[in-house]
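As recorded in Swiss-Prot:
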REGION    40-59  region 'Disordered'
REGION    68-101  region 'Disordered'
COMPBIAS  83-94  compositional bias 'Acidic residues'
DOMAIN    267-380  domain 'N-terminal Ras-GEF'
MOD_RES   Ser501  phosphoserine
DOMAIN    606-692  domain 'Ras-associating'
MOD_RES   Thr644  phosphothreonine
MOD_RES   Ser806  phosphoserine
MOD_RES   Ser933  phosphoserine
REGION    1002-1048  region 'Disordered'
MOD_RES   Ser1022  phosphoserine
MOD_RES   Ser1079  phosphoserine
MOD_RES   Ser1088  phosphoserine
MOD_RES   Ser1094  phosphoserine
REGION    1094-1159  region 'Disordered'
MOD_RES   Ser1115  phosphoserine
MOD_RES   Ser1119  phosphoserine
MOD_RES   Ser1158  phosphoserine
MOD_RES   Ser1175  phosphoserine
REGION    1224-1257  region 'Disordered'
REGION    1304-1371  region 'Disordered'
REGION    1392-1498  region 'Disordered'
COMPBIAS  1487-1498  compositional bias 'Acidic residues'
Amino acid sequence: MKPLAIPANHGVMGQQEKHSLPADFTKLHLTDSLHPQVTHVSSSHSGCSITSDSGSSSLSDIYQATESEAGDMDLSGLPETAVDSEDDDDEEDIERASDPLMSRDIVRDCLEKDPIDRTDDDIEQLLEFMHQLPAFANMTMSVRRELCAVMVFAVVERAGTIVLNDGEELDSWSVILNGSVEVTYPDGKAEILCMGNSFGVSPTMDKEYMKGVMRTKVDDCQFVCIAQQDYCRILNQVEKNMQKVEEEGEIVMVKEHRELDRTGTRKGHIVIKGTSERLTMHLVEEHSVVDPTFIEDFLLTYRTFLSSPMEVGKKLLEWFNDPSLRDKVTRVVLLWVNNHFNDFEGDPAMTRFLEEFENNLEREKMGGHLRLLNIACAAKAKRRLMTLTKPSREAPLPFILLGGSEKGFGIFVDSVDSGSKATEAGLKRGDQILEVNGQNFENIQLSKAMEILRNNTHLSITVKTNLFVFKELLTRLSEEKRNGAPHLPKIGDIKKASRYSIPDLAVDVEQVIGLEKVNKKSKANTVGGRNKLKKILDKTRISILPQKPYNDIGIGQSQDDSIVGLRQTKHIPTALPVSGTLSSSNPDLLQSHHRILDFSTTPDLPDQVLRVFKADQQSRYIMISKDTTAKEVVIQAIREFAVTATPDQYSLCEVSVTPEGVIKQRRLPDQLSKLADRIQLSGRYYLKNNMETETLCSDEDAQELLRESQISLLQLSTVEVATQLSMRNFELFRNIEPTEYIDDLFKLKSKTSCANLKKFEEVINQETFWVASEILRETNQLKRMKIIKHFIKIALHCRECKNFNSMFAIISGLNLAPVARLRTTWEKLPNKYEKLFQDLQDLFDPSRNMAKYRNVLNSQNLQPPIIPLFPVIKKDLTFLHEGNDSKVDGLVNFEKLRMIAKEIRHVGRMASVNMDPALMFRTRKKKWRSLGSLSQGSTNATVLDVAQTGGHKKRVRRSSFLNAKKLYEDAQMARKVKQYLSNLELEMDEESLQTLSLQCEPATNTLPKNPGDKKPVKSETSPVAPRAGSQQKAQAQPPPPQPQPQHKINQGLQVPAVSLYPSRKKVPVKDLPPFGINSPQALKKILSLSEEGSLERHKKQAEDTISNASSQLSSPPTSPQSSPRKGYTLAPSGTVDNFSDSGHSEISSRSSIVSNSSFDSVPVSLHEERRQRHSVSIVETNLGVGRMERRTMMEPDQYSLGSYAPMAESRGLYATATVISSPSTEELSQDQGDRASLDAADSGRGSWTSCSSGSHDNIQTIQHQRSWETLPFGHTHFDYSGDPAGLWASSSHMDQIMFSDHSTKYNRQNQSRESLEQAQSRASWASSTGYWGEDSEGDTGTIKRRGGKDVSIEAESSSVTSVTTEETKPVPMPAHVAVTSSTAKGLIVRKEGRYREPPPTPPGYIGIPITDFPEGHSHPARKPPDYNVALQRSRMVARPTDTAAPSPIQQPHGHPASGRPVNKPQWHKPNECDPRLAPYQSQGFSTEEDEDEQVSAV
């Protein structure tokens, strides 16, 4: 019997833990908002300031919220500074851009429902969430679905609670959803189970008993439990549902019977596993309603188990000869070409297969299918660029051309000489020539095209396979030969084509595309024809295309019904002759019409503006379209300038100025198009008289041009920068082939080497370092602040563009240690932008597997195009791959491949738009500008409106086009942004960035005030400079005592209890299965435990509701490091930031930076005080226990993190603790300090930067990291010897560090460089150098400078008794305790409600003591780790950290450390004075009556 069914600690588990372990802190964002939150506030709220009842991300809600609630959001109690009032062009957009994309935490809602009440949709939501957990690995989907239907949700509020006792009877199988538990075995060994692990019974009804004692290690542990009876029934039922297919006595395929809903209408058998041959054969077998995506899944994933695609191709050609299989074979080939045309391009064998298959279709007279095949080929073919050289102009061309605008076609290759260079370059019959040497060939006469090709010896040719139109051309030519007269098609004829069959519709579309440009006269008809076609397509979209290709396909559905067309199939009219060959899961076959229409040709509307000059420097604005040629521009310019000459006498010239000041002038060919895109910033178009040799551009004009071409970031519109970033990112994202994900995931060799994927992967690092480079190269502090503000705005607009990738990269760049340490720069940032920045970070809160980001991404209101966060995609795919076996019992595990294919399809849909992304992103920007009011309509719906309704698009655009000059200026701005982005010089070396950072703001040294307390002055490499450095003066540092024994490491290994969902109902005990029936209390264990804190949670429900309202309303921290808000910190703010996040930051726990879990560092007595008092200020002095004075006011956001600092125990570097002042008397007993820290969204400022493909674990640190976290990463070059104060004390900004009991045998003086290196080596993807340290303005606990002035404490204003260094007496303190501060006062009082708060410590994070690392181990490199390395580092380390009661801790005053109760976390132990405070009796507590003041005890 297996008492504990604990899955092996698979590598993937570490991954998953990395993402999901931290509890969800959305509930904890405390605010000053007076607007009550809706009661169903979910954990997925982005924490921003505005929440709409519907949870909708549409901006219509946001607009209203902005006008009502947010109207005072940015202004209440916050005096404007000069920077705040800057009137930028897009300043007004910020309000709207800052509004959050909210969504409910659907998973939590589903879990809290009674299993009987769960709907099919609820089960699908749970299925989607659970399938990523290691406990469910290798289970079939039906088993998972059944388990999701019966699972019960349970929460254990407090750390240290016994869940199961040794010998207790087990009666359920449970999976940890959040937090971690420790099992202590009778022999003393301990094992830690983390998120995704399971424990409990095995699938049998035999009695099983617990071995060992299981305790929760962190607060807010969440579990789902399945009763033993249900678990046994479901797992044993699997065999009954299995259908095994045997051949010659061997099992070749296994199918499973599934029911996808409770109606019984959708049930059947689905392939689970099989041999490669049998899976291939299944392509042409009947597929049940529950397995509609088998063909798509197979075609995407066959490459993982077949060596060559021709193994499938040969079978298909063979089966085509069987009339009964012919239609099915054709459907497979159509889907293959449509979905993965790259399998055919560039592969001669597959190209021959395609040609043979076309011949077979022609032979069998399957014209409709053939047409569809050609459409798919044309739609999916990629543009190819090839370069040909000729020995001389007279040399013959190695190919023959057909077509030309005179026939209504483009230029096509009819034949290519075999063995020629053109053949080697890849030119082949049926290719359409799109461009030669920059000249557009899509609308050109054949004779002119031949002339251009002959007159150039160097040919740069852009071609694209377009067999369909090529065959139309051949048909037309043969008709002309028969009839003797050329036929010029009329585009208007399309209106006669009211047929809705797919092939005919496709023909019409292609006619528009291929024939629209018959001649110049027909251009107007072309536009009209396109509009008519669009109307037809719009009318038929109901029957052919999904109305919302992204939305209706069921985001929340399981893989079984993913986008398989269960809803759409019934809409396809029976009249379609080829309905059997189409899968509605791949509407691309039909969307390709749109794509060809919108991407291959551009609207002929004059949507661009040229500024054309004459020699006398007069200029006119000329409206053109993308395809307008230089000759046409000359004609318009002559008309505009009222010149009375013929167009032949003039030409268009481009004059440009090189950076050296050389003026270049060239005449443009008459047929040159895309003129607006070609002009450089340092160039102008001139109308030149061919008969004159006048100087077009004088030297003065040239100098002006040169000046205009020199641009800096601050000159650029933030909206335009975000637009261009989004366009660039989307183009890269859209070009990723689905097969590249598979090749990359399974490490397969491919022709392209996943080139597109790698490019998209690199972008996030490039953009991250761009941010840092731009900020650190600016030497002027005010400009630096403005650049930071500029980037925050850009990130906000990226969110509007749904460009989460760039948004994340920018936040990462601002969090890079060299940027984060710029304390004085960040202090100048206006308060409004602090809030906006915190909101941005909040969206990427890593808790519960990025729940907020995922909920936003899956929001029903979020329509493509979306640019998702790539590291999350990579992480999800990696988890699916590594969490499931590729082969089971010698058979291919197709269930795994199906899940991976579903995920890739889901990602691909984000790029499935029916319009040019450039047009789409620009439409949003123009709409803002042209409509004036920013609060009309929903921006999220803008894309959809524009994409689906041509009229709306035209209307919006025309409103912008009325002013040619304005349009030109917008286009000029876009050109500036493009040039700026293309010429970026990135500094990718973090060492260099750190050097630049130190040049911007040199590190300051800590000089002791008292002569007797002199300590070695630390060099400027002190890793963390608390942010308050400028306001605090160094205080005396007592001589450190002898190093203390390391045995006190377990002193308080508990994270404060955090009630993540304070306003949520608890599941009644009676409704849940018990963990053990023989427990001492004879209670149903976990469920009853989860009830213990419910009373207190309910008491504070109202306040929590308010506090959840938004982080925008809650005065987020100014700088990258967050600081205590209205609560008072026991430890110096610097240290608080630096370590208090220990549990909540990814690095400290997952990456296992040397923290020993989040210790319960706040003494019991403090907790009790916190319960009774609203705000506590504890000023640490060298004299003794801090005295807490009660503050009389009640403010919901007065939480500061208590008890997160204690990593000092293991680090021996720092011990800190903050006391959280809470709005309710009972609140902290459950919520503990975690809630307090939530607003520390900046805490992510730390190390979540260079996010390459492997950075799925990186995302964790986004919100919860501080400068201190990076401390251990990159500073191996620091010399710690001889510094009693150690790393942290060395900075002049060092704040006081509070608890001596956490000291380890490493005193500060002994903190060796190795210890940092060891920590560094554990770091995950965070900014891999630790520049958080160096002077890092790690002290977010400090006050912001207002208007350039330090907000120091005035005794008169704050009634706080500050303890100055003169008053302090040296008291023996642990070596790691440094009492330093950069202000003369012991307290810093901040007014106006700008509160910083120490970062949160995620429950469930288990840090690793520095002593666990071997000496001398160091990080191999400073670059972000390789993906696999990061994966390995993300694992949780099982240690018996909590098992034994802590040994007494040597206190300076001899007080023993309080031990931890077995069943009750120390945090909650009331009315007991904690001796740990004894050494720090404070002389300086005072009450504050002014509710606008904030005091940080430092």
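These residue numbers are counts, starting from 1, taken along the chain as shown.
Every residue gets a Cβ built from N, Cα and C, even glycine.
Summary for the modified residues Thr644, Ser806: the Cβ-based neighbour count within 10 Å is maximal at Ser806. In the three-state DSSP scheme, the residue listed as 'phosphothreonine' falls into the coil class.
Mean pLDDT, taken over the domain 'N-terminal Ras-GEF' (267-380), works out to 92 on the 0 to 100 scale. Counting in whole angstrom, the residue listed as 'phosphothreonine' lies 52 from Ser806 (phosphoserine) by their C-alpha atoms.
Break the domain 'Ras-associating' (606-692) down by DSSP state and the numbers are 19 helix, 33 strand, 35 coil.
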